[in-house]
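Participant: Once you've had a glance at the structure underneath, I'll fire off some questions.
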Amino acid sequence: MTTTRTTTYPGIAAVLVVSAIVGVLVGLAVTAAEPVPGLPEPAVVVRVGLPVVRVLLDMAAVTTVGLCLLPLLIGFDRPKLAEPVLAGARRVAMLGALVWAVAALVALVLQTAELRPGTDVSAAAVWDYVGTVGAGKALLFVAAFALLSFALSLWSVRVGESVPAELRAAVSLFALLPLPVTGHATNWRWHDLTMISMELHVMSAAAWTGGLGAVVVLLAANRTLLAHALPRFSKLATICLVVVALTGVFNGAVELAVNPHTPLFEALVSTRYGVLVLLKLGCLVALAALGAKIRWRLLPAITAHRGTALVAWAGVELAIMGLAFGFAVVLTRAPVS
């Protein structure tokens with residue numbers, strides 16, 4: 001027997017966002033350094049606000065990506081049962097994309113202020129930042145493609161799944177690409193390889209986290225749809241886990257290895273950057289264990305339409321994912337030495 005309930009669990013999404021902000025604050029505490037005498041420091045609202053806005057940008061991106069992937073996870077063979085859920089997903093994806101674009105523009109202003117401490121930030125200053133700094137161009141590109149994702153989601157709200165889910169997912173994933181290559185990857189010796197690795201890392205993390213959030217928040221109360229979507233997501237999550245692990249270890253190892261001041265393994269424990277890498281690695285190990293629990297213990301019961309503690313276990317997994325995203329934001333800005 002099928003069910004048409006559309007009960008959702010928005011608190012799970014709140015867990016992800018709150019834990020991401022906590023991850024940023026912990027990361028800032030780990031990487032805090034004494035100010036350099038004689039050099040102007042950005043205001044506290046910039047030093048703390050910028051990474052917080054960046055992680056909120058990431059959360060909006062993850063939300064949009066996950067909701068755009070949801071129709072592909074559910075499938076199209078039960079339109080009457082799926083449409084109430086997908087209609088809600090399209091509306092939230094539209095809002096997520098709009099928040100994503102706004103967060104990118106706010107981050108652009110804050111990054112301009114960070115580069116010009118003690119001076120007013122004008123429109124001309126922001127435009128000059130865009131014209132001279134790669135990160136400025138990247139944020140503007142992200143805002144533009146997030147707005148395109150918003151437009152596609154708005155269109156889909158009006159006409160339904162006539163707007164291909166593949167197109168919406170592709171645009172949202174493409175919007176993730178500019179920012180990763182403006183961080184440490186731009187300075188690495190193996191430039192091309194590390195850029196590709198970083199892009200794969202970011203897209204896999206977004207698909208994994210966003211997909212889990214979308215499935216749990218929107219489908220956990222609907223056993224029929226959950227039984228169809230979760231096995232597909234489980235396969236996607238396994239691929240994403242492997243890609244995130246391999247690229248994350250590679251990226252961190254290369255960044256530490258090219259540090260001329262400290263040997264690789266010593267740098268892992270003696271530098272702030274290395275400590276953040278270890279924190280992210282710890283999150284990854286915990287996520288692998290939780291994912292295995294869901295796949296091997298809960299999934300058989302879910303496919304048999306039996307009740308499980310999926311929401312609780314997935315909530316813990318999303319909380320750890322949020323911490324990892326928070327650490328990652330600070331990691332992109334942390335000095336290696």
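Quick reminder: no glycine exception, Cβ is built from N, Cα and C everywhere.
Automated prediction, rather than curation, is the source of TrEMBL annotations.
Positions annotated as transmembrane segment by TrEMBL: 12-33, 53-76, 88-110, 138-157, 169-188, 200-221, 233-253, 273-290, 310-331. For 228-331, the entry in TrEMBL reads domain 'Copper resistance protein D'.
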Participant: Between the transmembrane segment (200-221) and the transmembrane segment (12-33), are there three or more C-beta pairs closer than 8 Å, counting only pairs 6 or more apart along the chain?
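Facilitator: Stretch pair touches.
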Participant: List, by number or range, the same-chain residues at least 6 past the transmembrane segment (273-290) whose CB is under 8 A from its CB atoms?
Facilitator: 26-27, 30-31, 241, 244-245, 248-249, 252, 255-256, 267, 313, 316-317, 320-321, 323-324, 327-328, 330-331, 334-337
Participant: Would the transmembrane segment (138-157) count as touching the transmembrane segment (53-76), if touching means at least three Cβ pairs under 8 Å and pairs must be 6 or more apart in sequence?
Facilitator: yes
Participant: Count up the helix, strand and coil residues in the domain 'Copper resistance protein D' (228-331) according to DSSP, in that order.
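Facilitator: Taking each residue of the domain 'Copper resistance protein D' (228-331) in turn, the totals are 91 helix, 0 strand, 13 coil.
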Participant: Are there residues at least six beyond either end of the transmembrane segment (53-76) with Cβ under 8 Å to its Cβ atoms? List them, or say none.
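Facilitator: For the transmembrane segment (53-76), the list is 13, 16-17, 20-21, 23-24, 82, 85-86, 89-90, 92-93, 96-97, 99-100, 103-104, 106-107, 110, 142, 146, 149, 153, 161, 165-166, 168-169, 171-173, 175-176, 205-207, 209-215, 218-219, 225, 228-229, 232-233, 236, 322, 325-326, 328-329.
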